Amino acid sequence: MPAAPRAASASPAAVAPGSDPVVSIDSLDMEARGVGRLVNEDGTPGKVIFVEGALPGETVSYKSFRRKPSYEQAHLLEVRRESVMRVKPGCKHFGVCGGCSMQHLDSRAQLAIKQRVLEDNLWHLSKVRPEVMFRPIAGPDWGYRYRARLTVRYVAKKGGVLVGFHERKSSYVADMTSCEILPPHISAMLVPLRELVTGLSIRDRMPQIELAVGHEVTALVLRILEPLTDADKDLLRAFADQHNVQFWLQPKGPDTVVPFYPLDRELAYTLPEFGIRMPFKPTDFTQVNHHINRVLIGRALRLLDVQPQDRLLDLFCGIGNFTLPLATQGRSVMGIEGSEALTTRALANAGYNGLAEKTEFACRNLFEVTAEDIAALGRFDRWLIDPPREGALAVCKALGELSQQGSDVLPQRIVYVSCSPATLARDAGLLVHEAGYRLAGAGVVNMFPHTSHVESIAVFERR
């Protein structure tokens, strides 16, 4: 029979029958939960305990809500010994709202933990270590989220509408009156939005509001399951005039999104360092954090070390977020994107910014690309890869095959921007172990402060 586990921070007699169990927290997992391990009576390692809200260095009591043979998931009851990294959360809804998971952790410690997550993934998944760890890219901790999807829920018992993020690990909508990670003007609009939707005839047929903040325009996309009445339209127009926003309507899928009022506005963000303005639709993919996006572009271009004669390739190019800045520095750039709508937008943005002659765009499924497809593109001096969470597996496999064939189309340098340390690690393993690259450097990009999301950037150099 296996020995019964006891708390790692206490002797067997220290935990009296019926009292709350105690554990020492050693680390955080990918969901920002504290991780500790119990010790069996015979001194052997026991179960791993995941405690929501606990921090490394703390001793906490907990209550388990899910028990498995090798681990337990638990709620935090009391902090017996507090970490020096613990701070007071900046939002009154923290702990209930699921939008943030790390507000109780000092911002510098957040960066250090994310950097460790990146390093651990690279080593444990692919046995790769960067030659240099870059200083984290960081910016303002509050008011940074310029894109968000808010859930709308009519609650008859409460006599009104809730507008906000989901509660933590729940389908319920948090009763939010403000949000510190949204821009201040959006945070101040949450209560008026609730009042607006409550007054609409379709208040129980509007499940979602998607917001996108541009340089001059704030767009609100209303997901409507029934047509608006004339009275509804009057309310929306009045609200738009009062709060200086633009309403868009989405009756069905994302392709059905159309502007409603006012119609004389253009949603766009700017990249002033490059003299670029990027018009976009509110449902297009754009980075949520404008400040970090600008810093990230600058670092990516410096790491690529673009020369005036270089021919450049931008994979998963979206609306041209990296493509157009690259075009201001290299001889020419080809952008490839899997979405036809985004490819069309990128082409239009190149023309809008006077860069059409230096850019070329194509719509391709990069998740199914082959070595033959890559070879057919010809040689580019430098690549930028910015895939979604799924990563760039097919692309990196193709590079490995081409390397083993002795092909001369492989670029000298690749900068890889990632929103998943696990898929970056997987792809880095292919580039290093099969395609003949070395991982010259990597670092985290704090695109989402106070969340466990880890964005990163890495540079690969051909050996």
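The backbone N, Cα and C atoms fix where each Cβ goes, glycine too.
Not measured: the values here are computed from a predicted model.
Summarising the annotation, Swiss-Prot assigns active site, nucleophile to CYS419. Taken from Swiss-Prot, the feature [4Fe-4S] cluster binding site covers CYS91, CYS97, CYS100, CYS179, and the record attributes it to sequence analysis. Sequence annotations record features per position, and here Swiss-Prot assigns S-adenosyl-L-methionine binding site to GLN287, PHE316, ASN321, GLU337, ASN365, ASP386. Here Swiss-Prot flags 14-78 as domain 'TRAM'.
Features as recorded by Swiss-Prot, highlighted on the structure.
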residue : record                               : Cβ within 10 Å
CYS91   : [4Fe-4S] cluster binding site        : 19
CYS97   : [4Fe-4S] cluster binding site        : 22
CYS100  : [4Fe-4S] cluster binding site        : 25
CYS179  : [4Fe-4S] cluster binding site        : 26
PHE316  : S-adenosyl-L-methionine binding site : 24
ASN321  : S-adenosyl-L-methionine binding site : 25
GLU337  : S-adenosyl-L-methionine binding site : 26
ASN365  : S-adenosyl-L-methionine binding site : 10
ASP386  : S-adenosyl-L-methionine binding site : 22
CYS419  : active site, nucleophile             : 20
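Closest by Cα distance to ASN321 (S-adenosyl-L-methionine binding site), from the recorded positions CYS91, CYS97, CYS100, CYS179, CYS419, is CYS419. Within the domain 'TRAM' (14-78), the DSSP-based counts of helix, strand and coil residues read 1 helix, 39 strand, 25 coil. Across the residues annotated as binding S-adenosyl-L-methionine (GLN287, PHE316, ASN321, GLU337, ASN365, ASP386), the widest Cα-Cα separation comes to 21 Å.
Same-chain neighbours of the [4Fe-4S] cluster site beyond CYS91, CYS97, CYS100, CYS179, judged by a C-beta within 8 angstroms of the site's C-beta center, are, in sequence order, HIS93, PHE94, GLY99, GLN103, PHE165, ALA174, MET176, GLU180, ILE181, HIS450. Counting in whole angstrom, GLN287 (S-adenosyl-L-methionine binding site) lies 11 from CYS419 (active site, nucleophile) by their C-alpha atoms.
The Cα of CYS100 ([4Fe-4S] cluster binding site) lies closest to that of CYS419, out of the recorded positions PHE316, ASP386, CYS419. Closest to CYS97 ([4Fe-4S] cluster binding site) by Cα-Cα distance, out of the recorded positions GLU337, ASP386, CYS419, is CYS419. Looking only at the binding-site residues PHE316, GLU337, ASN365, ASP386, the one with its C-alpha closest to CYS179 ([4Fe-4S] cluster binding site) is ASP386. Confidence across the domain 'TRAM' (14-78), taken as the mean pLDDT and rounded to a whole number, stands at 91. Comparing the Cα of CYS419 (active site, nucleophile) with the Cα of every entry in CYS91, PHE316, GLU337, ASN365, ASP386, these being the binding-site residues, the smallest distance points to ASP386.
Cβ neighbour count for GLN287 (S-adenosyl-L-methionine binding site) (all protein chains, 10 Å cutoff from its Cβ): 22. The distance from the Cα of ASP386 (S-adenosyl-L-methionine binding site) to the Cα of CYS91 ([4Fe-4S] cluster binding site) comes to 32 Å. Reported as a whole number, the C-alpha separation between GLU337 (S-adenosyl-L-methionine binding site) and CYS91 ([4Fe-4S] cluster binding site) equals 38 Å.
Here CYS91 ([4Fe-4S] cluster binding site) is positioned 41 angstrom away from ASN365 (S-adenosyl-L-methionine binding site), judged by their C-alpha atoms.
Separation of the C-alpha atoms of CYS91 ([4Fe-4S] cluster binding site) and PHE316 (S-adenosyl-L-methionine binding site): 35 Å, rounded to the nearest whole number.
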